[in-house]
Amino acid sequence: MPANQTRSRARERNNVLNRPEFMSLNQPIKSGGGGGGGESRGTARRPSQRQQQNQQQQGDNPQPENNKDKKELPEEDCMQLNPSFKGIAMNSLLAIDICMSKRLGVCAHPSSSWGSVRSMVKLLALTGHGIPWVFGTIVCLMRSNTLAGQEVLVNLLLALLLDVMTVSGMQKLVKRKGPWEMPPGFFDYLAMDIYSFPAAHASRAVMVSKFLLAHLVLAVPLRILLVLWAILVGISRVLLGRHHLTDVGCGFALGFLHYSLVEMVWLSSNTCQTLISIGTFNWSPLY
């Protein structure tokens, strides 16, 4: 008998069905409801059915908070799936402007491709700065002895001040940065030429050249050089990486506008003499 018991125990140990992972096969089949397999399938489907019902209820009764959040989203955060032709054209032109301006900034740094001529380009750009022109006009006005010369210089000074104030105001409104990250210099802060749009040097160069061509008697070579100077001043700002191409183009247009405004409100000789007397604290011409 003990030998038979040891044999039966050995058989039970070697039986595969006695392992823990196969214990469910030894359980009897439960009757009713289409069998145990049907119940297990039914119980397996119940969570998914509940989730579907919950989703349907949430779809029928949307939460007002989510709707409020969606309504409160700004238009900047929304994706424009169907942008207008005007928007596509503007974005394309801006991308071309930025790309070409970056490539033309060959004198932006000393290590650039044209870094050897950077000092000459900076000197050319300095000739269109507002501070030298304003102080130079004041010095010439103090040394002028003729009424006609003083009349021209006073109107030129007013044109320069108008250009500086208008360009600085537009730059602070737009606040566009240049194609290359460069901090403005000391003279730029004095002339309030901090941002990129519009190009102050280009506007001033066009206005001054147009003014001098209209009110000074110059030879043909000098007139040609004056026009080339205005164009090269605008190009130099692009080569230095300070402005985009559109900044310079708008600066040229703004310079023509300033010249037209000065011609419309041209101050007479008597008015200029009055302003000179007020500025020099010489009140005798007023009486």
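Each residue, glycine too, has its Cβ placed from N, Cα and C.
Residues or ranges marked as topological domain 'Cytoplasmic' in Swiss-Prot (evidence: sequence analysis): 1-120 (among others).
If you look up Swiss-Prot, you'll see 1-75 marked as region 'Disordered'.
Per Swiss-Prot, the feature compositional bias 'Gly residues' maps to 31-40.
Feature annotation from Swiss-Prot assigns compositional bias 'Low complexity' to 49-65.
As annotated by Swiss-Prot, transmembrane segment applies to 121-141 (among others).
Beyond the ends of the topological domain 'Extracellular' (142-146), by six or more residues, the same chain brings 153 to within a C-beta distance below 8 angstroms of the stretch. Look at Swiss-Prot and you will find 142-146 (among others) tagged as topological domain 'Extracellular'.
Beyond the transmembrane segment (147-167), the same-chain residues lying 6 or more positions past its ends with a Cβ under 8 Å from any Cβ of the stretch are 130, 133-134, 137-138, 140-141, 191-193, 198, 200, 203-204, 207-208, 211, 215-216, 251, 254-255, 258-259, 261-262, 266-269, 272-273, 275-276. Residues or ranges marked as transmembrane segment by Swiss-Prot on the basis of sequence analysis: 147-167 (among others).
Residues annotated as topological domain 'Cytoplasmic' in Swiss-Prot, with sequence analysis given as evidence: 168-215 (among others). Confidence across the topological domain 'Cytoplasmic' (168-215), taken as the mean pLDDT and rounded to a whole number, stands at 83.
The transmembrane segment annotation in Swiss-Prot covers 216-236 (among others). Non-local neighbours of the transmembrane segment (216-236) in the same chain are 121-122, 124-125, 127-128, 152, 199, 201-202, 205-206, 208-209, 248, 251-252, 255; each lies 6+ residues outside the stretch with a CB under 8 Å from one of its CB atoms.
According to Swiss-Prot, the feature topological domain 'Extracellular' maps to 237-247 (among others). Long-range contacts of the topological domain 'Extracellular' (237-247) within the same chain: residues 97-98, 100-102, 104-109, 114, 118, 121-122, 125, 176, 178-180, 182, 196-199, 201-202, each at least 6 residues beyond the stretch ends and with a Cβ under 8 Å from a Cβ of the stretch.
Per Swiss-Prot, transmembrane segment is recorded for 248-268 (among others), and the stated evidence type is sequence analysis.
Marked as topological domain 'Cytoplasmic' by Swiss-Prot: 269-287 (among others).
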### Outside the transmembrane segment (121-141), six or more residues from its ends: residues with CB under 8 Å to it
107, 114, 150, 153-154, 156-157, 160-161, 163-164, 187, 190-191, 193, 200-202, 204-205, 208, 229, 232-233, 236-237, 239-240, 242, 276
